[in-house]
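Working notes, beginning with the structure itself.
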Amino acid sequence: MEYESNIFFRFWLKLHDFIIKNEVFLVLLSVYFIYNINCRTLGSGDTIPASLLPFSILEYHNLYMDNFYFYYFSNYDQLWYFKEADGHFLSSYPIVTPLLITPLYVIPYIVLKFNNLPIDLFHPGFAKTVCVMEKLSASLIASTSVVFVYLSIKELINRRVAFIVAVLFAFGTNTWAISSQALWQHGLIELILAMFIYLVLINEKIKSNKIVISLGVLSGLFVFNRPIDSVLLAPVLYYIFDMRDKRIIYYIFSAFSSGAPFLLYNIYYFGNLFGGYTDLLKLFDLSPEMVTRFAGLLVSPSRGLFVYTPITLLSVLGFAKVMRIPNKRIKNFLILMGISCFTLVIIYSSFIIWWAGGSYGPRFLTGMLPAMAIFLGFFIKDIKLNVYRFKNLSIIFIVSALVFWSFFTQFVGAFYYPNGNWDGDPNVDLHPEKLWDWKDTQLTRTFNAGMASSPLSCFKNIFSAMSLLHIKDISDYSIMKLAGWYGIELWNNVPTRWMQDDAKVALKSPDNQTCEMSLQATSFYHPRTLEIYAGDEKILTVEIPSDGFINLSVPVSLVEGMNVIRMHVPEGCERPCDIKELNNPDSRCLSIAVQNLKIMPSESIIYYTPISGFYGIESWSGIPTNWIMDDADLGVFSLDNLTCNLSIRARSFHCTRTLEIYAGNAFINSVSVPSDDFINVTCSIKLARGMNTIQLRVPDGCDRPSDIREINVQDRRCLSMALQNVRIDCGNRLRCDQSGERTC
């Protein structure tokens with residue numbers, strides 16, 4: 001028994017030593033893991049540029065959003081997060097955060113390139129990568145800020161209090177629900193503020209010019225990352241200028257060095273010191289309403305700091321204990337930090353949209369949370385844990401209740417928000433009075449709506465993200481999708497994209513050449529006309545059925561350089577949500593779905609494509625088959641005057657019917673087609689150079705299966721004949737068949 005106790009004791013000592021030696025890494029790893037178990041991002045339009053800019057830097061070597069703008073333009077109405085300047089689209093928000101995290105994106109970028117994935121938001125693999133990297137990067141920034149809060153409290157107080165405060169800061173404040181969920185500027189503000197505090201504490205122990213220079217570099221980044229929060233820099237400025245020696249010069253020079261690139265960027269592109277942020281000055285209002293806004297930032301049921309993070313009430317009490325710090329410079333630094341936090345609340349009180357738009361809790365006050373955590377540590381230090389005294393027991397109960405509620409609100413933010421759509425129904429920006437409604441708060445509605453994600457769903461999301469890396473697009477990546485396309489969907493494992501009523505693709509040609517453009521298309525809800533233009537020239541007009549895909553093939557003349565091909569639907573697009581019988585909430589405006597888009601150099605002189613009267617392709621024993629109406633047209637493109645053989649396998653619907661074939665207006669052939677089996681129909685046709693129309697007429701008309709009782713089928717298409725293996729054979733010339741294959 002004694003031997004077993006000794007083994008356990010030695011094991012415990014080794015474990016304790018391991019934890020102490022690796023405490024920073026273990027805190028970082030533990031917090032980082034918990035931050036990521038909801039496996040989703042919780043950003044908004046504000047965070048979009050920051051999530052994309054690292055990829056733009058790595059792929060295009062610039063700071064522009066040009067290559068991502070069309071995706072958002074095609075899918076969203078308001079694009080406040082992009083700003084046009086100097087002929088390019090730029091981030092409306094500071095770019096400090098995305099620039100600093102770009103090194104984290106190098107390995108994912110290499111993986112994308114290795115898998116031949118385009119840097120294209122229309123590709124779900126890349127879109128998912130953007131979300132994953134935003135989440136991982138934001139979580140790393142937030143976790144690192146927790147580490148510096150832990151180290152700061154350990155320096156000021158002790159390891160036990162540091163651990164407690166680190167847990168409260170990590171999981172009881174908006175550091176979890178905001179900073180760790182997306183690339184908000186608040187995350188980096190928290191990290192730098194926590195680093196400020198730690199570096200000041202260390203500098204008081206070990207005077208170092210390197211620390212002063214580090215404070216300067218961080219200060220330059222701090223100001224240009226979120227200018228409004230620069231008031232939190234006041235304690236650092238006091239601390240530095242109180243030195244009254246040459247270290248002030250070191251600080252100023254290093255601060256200017258780190259801030260200068262962002263200053264130049266803002267002046268060059270936006271013509272002012274703070275870039276796109278300057279527009280926010282219009283939203284500041286120094287009026288008596290500030291009193292109400294100030295109260296809202298602290299106690300509003302749907303935005304109040306003391307409602308979502310009530311442990312900050314203890315921080316206020318802890319701030320009074322800062323006066324006991326023996327080191328005068330540290331004491332003054334922290335007193336100024338508290339005053340700066342209070343001033344920050346006043347500044348945001350002058351902001352008309354003090355509730356920070358659509359977001360969770362008091363987002364605007366997130367940046368000052370590391371300072372509040374330091375003050376919280378002083379309160380916790382003096383809590384007496386004597387449960388036999390009523391007064392202490394009451395304090396423990398109250399503190400426990402505040403801690404539990406703080407954890408609960410952040411858990412709801414991480415795993416439930418934005419379910420319930422409190423921000424949008426009705427829109428909080430249009431109805432700010434709801435911010436004071438205690439009967440319908442953001443927290444209660446979000447919680448009652450249920451979880452948006454759970455830790456168990458994380459594994460499913462991971463495997464889903466990995467599978468998206470292997471999804472191909474509707475075309476190879478030499479064909480660029482411009483405006484008018486929705487994202488990739490898999491239809492029976494075939495990549496498919498819906499068009500709006502107008503969509504464009506572009507490709508670069510090394511020289512002047514004729515290529516074959518081929519694709520498969522089907523129309524949304526009812527047949528529509530598809531017009532294809534190469535430059536300004538219309539090269540094809542075709543009727544697209546809604547019951548299935550048809551194959552299209554057309555020659556296109558490319559010029560050396562960039563070529564734009566436009567696909568236009570004159571009837572326009574429709575939203576599924578507007579069609580009652582579909583009962584579909586999809587709000588996209590859909591016209592035609594496209595698969596297998598190819599533009600390839602071709603030596604063929606014959607191209608065939610259905611123009612009108614054809615239904616979608618069906619597979620009969622693996623053979624592509626098209627039903628036609630009583631009048632169908634084939635478009636045949638010939639690059640020369642030719643005499644060719646047309647061959648078709650045909651079978652009539654329900655009863656024997658006559659098939660008449662015309663080349664233009666010239667009658668070619670007439671044949672009786674049975675309904676019990678396919679027969680081969682062949683005839684000779686003369687093709688003129690250019691576009692030729694082959695007309696297939698069924699004078700007996702077509703019938704709807706739903707009108708024939710003995711068939712008992714609800715199919716309401718009007719069917720005359722089924723066609724297979726349509727081929728045009730021009731002797732030793734290349735010939736084209738229905739499947740698009742060419743042989744010699």
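Glycine residues also receive a Cβ, built from the backbone N, Cα and C atoms like all the rest.
Record features, source TrEMBL:
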type     : residues : note
TRANSMEM : 18-35    : transmembrane segment
TRANSMEM : 93-112   : transmembrane segment
TRANSMEM : 132-153  : transmembrane segment
TRANSMEM : 160-178  : transmembrane segment
TRANSMEM : 184-202  : transmembrane segment
TRANSMEM : 248-268  : transmembrane segment
TRANSMEM : 305-322  : transmembrane segment
TRANSMEM : 334-356  : transmembrane segment
TRANSMEM : 362-380  : transmembrane segment
TRANSMEM : 392-417  : transmembrane segment
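A contact between the transmembrane segment (305-322) and the transmembrane segment (362-380) is present, since 3 or more of their C-beta pairs, 6 or more residues apart, lie under 8 Å. Highest Cβ pair count under 8 Å relative to the transmembrane segment (132-153), across stretches 18-35, 93-112, 362-380, 392-417: 18-35. Of the two recorded stretches, the transmembrane segment (184-202) lies close to the transmembrane segment (93-112), with three or more CB pairs under 8 Å once pairs fewer than 6 apart in sequence are set aside.
For the transmembrane segment (18-35), the list of distant contacts is 139-140, 142-144, 146-147, 150-151, 159, 166, 170-171, 176, 180: same-chain residues at least six beyond its ends, Cβ to Cβ under 8 Å.
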